[in-house]
Amino acid sequence: MSNAVIDKSEAPGRASGPAPLRQARLPRWTPYALLVVSAAAGAGIGTALGMDSAFQWGLIAAVVFVLAGYGLGAVVEGGRQARDRLATSLVWVCFLLAVVPLLSLIWETIDRGRTVLDGYFLSHSMEGVQTILPGGGAYHAIIGTLEQVALAAVIAVPIGLLTAIYLVEYGRGRLAKAVTFFVDVMTGIPSIVAGLFILSFWIIILDFSYSGFAGAMALAILMMPIVVRSTEEMLKLVPDELREASLALGVPKWRTILKVVLPTAIGGITTGVMLAVARIAGESAPIVLLVFGAAGINNNPFEGAQSSLPYYIYEQWQLGNDASFNRAWAAALVLIAFVMILNLVARGIARWKAPKTGR
Amino acid sequence: MKTDIEPISSAAGSPPQVRTRSIGRAGDKIFLGLSRGSGIALLVIMAAIAAFLTYRAAVAISKDEANFLTTFEWNTGSSPMRFGIAVLAYGTVVSSVIAMVIAVPIAVGIALFISHYAPRRLAAPVAYVIDLLAAVPSIVYGLWGALFLVPHLTGLYTWFDDYLGWTGILSYQGGAARSLFTVGILLAIMILPIVTSVSREVFRQVPKMHEEAALALGATRWEVIRMAVLPFGRSGIISASMLGLGRALGETMAVATVLSPNFLIETSLLDPGGGTFAQNIASHFKEAGDGGRDALIASGLVLFVITLLVNGAARMIIARRKEYSGTAA
């Protein structure tokens, strides 16, 4: 740290004598020491004021940590360094603030969900179960989720893949620009609007009844842009040398795409599709509008009301008694586990089959 | 898009008479047709969404006895229907704005943490954890919000009431904290991941030379961020926030579980009441008759248009950024 950039505020005080080449610095272990001190302060003040929430203690400790770091820095190192310390500790606090709700959410779900989650819960429906009593399960909801998500994927994946291929391999001109823009905009469509669209088109105008398939169509609308986006990114990573080599051998373009480009990117595409599936598996708004919910098992997604895990959670929450809350938490645990496993597997595939860019 | 492959393929195809050419041509045509068709299908779906919603909304609004924009009422059961979106528009905007005010600074902080502050070994897992936040289904957030967050906020709200109650907007009468402010907090948690990940990408694109130049001039890390990173990333942060805003505006189930709705605009943000577009649709759908469904579709159309504008604007900002950062980098 050269003398030239020392803050104006400390220049006058130290003008006498030879100017020091280095500013005074706090030792490297200062943040850790401060952390211990502020934790102790947080606990101390918390107990003294009789606050029983650990979160409040944490908040006090965080405030003490940020202020003490700034004050100490300001006294020893000068204003600029102090501001740097302040920014650093604020950034750390931001990070912790984000982690707190996630941990709390996962902890609550596991803690409350495991009380009723067992083989019985996974293999029985709510048919004939008195909702204020314990018992019953989410089998019908799991079946519904799996069928609706599978149907949605069957509709959305081909369209999404082909659109991405069009954008990357053929897309030039205004049509491609329009498609790119609207894919982006489509990612932002609220799920309830997709549900309302299918409602007005499929159920009100074409006069079909509520069914799992209607829900699957709304989910497909939500899934398409995600698939297009991720596939597009992956196809762009395929080196052009591969395409050129194949074309130079006289292979037609469509076979080049099918036999060279897609296999190269297949890992990333699979990841994208699985992440999209994980995303729509948790959607409940369209299901409320289109599938209508049922207590019994309905294996046919094309006819009659079904249930789904997100819908089941909502329904059990609405019943508003302890037994149903427990069932809601258990279903939430199943849903989170399903989504997280899909996420983990998808990312595993991405890492395992990462396209070799040759760079 | 990246390189021009067209000339090569036409050069390979035209001059010599290759035997597979005709099959290749036909295959090419079919394939191009299929993929272009899918692209067009997406556009058609977007157009159809707008068209069908508008049609049903027009049917509903023609039957509406009251002013659709200014009425504080949602009465679709009676024979002359009276409904209006004033309360819903207010609740949607207020809860989303609260969410933005809370989430954007924290998200930018986390993005900076991942891109500039975290030890390298910590950065990747942190980014992953933030992505996990995005993977949690919204109904689970709703359940957690209603059964965990709401009871835990009473203390904070009483504190607000004690010290800030005189402002009127932060007074609190007690009772379950199922208010617009709680919804805002929950939405903030839910939009944190998307705002973080978009701003993180932008911060990562900051030219290394700018940062190193600032460091070489003796800037501290915070000064590097203030003088090199944030100015470069400003438009990125704006568009990231708007994407988050789009999410918050359209969030349904988390709001429907947490809020205890009514058709009044409360002065205090902490008192239960109000509603949002999406929440109102989900809560009123089951009891709605044919006319009621159309009325809900009309409110959904308003939501659709708002999110379309917000997202479109965000994407335009990102796209414009891409163009000039592409030439500058």
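Counting begins at 1 with the first residue displayed.
Cβ from N, Cα, C; glycine included.
Here the transmembrane segment (A:32-51) has long-range neighbours at 57-62, 64-65, 68-69, 72, meaning same-chain residues at least 6 beyond its ends whose C-beta is under 8 angstroms from one of its own. Sequence annotations record features per position, and here TrEMBL assigns transmembrane segment to A:32-51 (among others).
The feature transmembrane segment is assigned by TrEMBL to A:57-76 (among others). The list of residues near the transmembrane segment (A:57-76) in space but at least 6 beyond its ends in sequence, with Cβ under 8 angstroms from a Cβ of it, reads 24-26, 30-31, 34-35, 37-39, 41-43, 45-46, 51, 82-86, 88-90, 93, 96, 100.
As annotated by TrEMBL, transmembrane segment applies to A:88-107 (among others).
Annotation source TrEMBL lists domain 'ABC transmembrane type-1' at A:142-346.
Taken from TrEMBL, the feature transmembrane segment applies to A:149-168 (among others). Tertiary neighbourhood of the transmembrane segment (A:149-168): same-chain residues 176, 179-180, 183, 212-213, 216-217, 219-221, 223-229, 231-232, 235-236, 257, 269, 273, 276-277, 280-281, 301, selected by CB-CB distance under 8 Å and a gap of 6+ residues from either end.
As annotated by TrEMBL, transmembrane segment applies to A:180-204 (among others). Through the fold, the transmembrane segment (A:180-204) approaches residues 163, 167, 171, 210, 214-215, 217-219, 221-222, 224-226, 228-229, 283, 285-290 of its own chain, all at least 6 residues removed from its boundaries and within a Cβ separation under 8 Å.
What TrEMBL lists as transmembrane segment is A:210-228 (among others). Residues 144, 147-149, 151-153, 155-157, 159-161, 163-164, 167, 183-184, 186-187, 189, 191, 194-195, 197-199, 202-203, 272-273, 275-277, 279-280, 283, 286-287, 289-292, 298, 300-306, 308 of the same chain sit 6 or more residues outside the transmembrane segment (A:210-228) yet have a Cβ under 8 Å from a Cβ within it.
Per TrEMBL, transmembrane segment is recorded for A:260-281 (among others).
Taken from TrEMBL, the feature transmembrane segment covers A:328-350 (among others). Listed by sequence, the residues of this chain that lie at least six past the ends of the transmembrane segment (A:328-350) yet keep a Cβ under 8 A from its Cβ atoms are 106, 108-110, 112-117, 121-122, 138, 141-142, 145, 267-268, 270-272, 274-275, 277-278, 281-282, 309-310, 312-313, 316-317.
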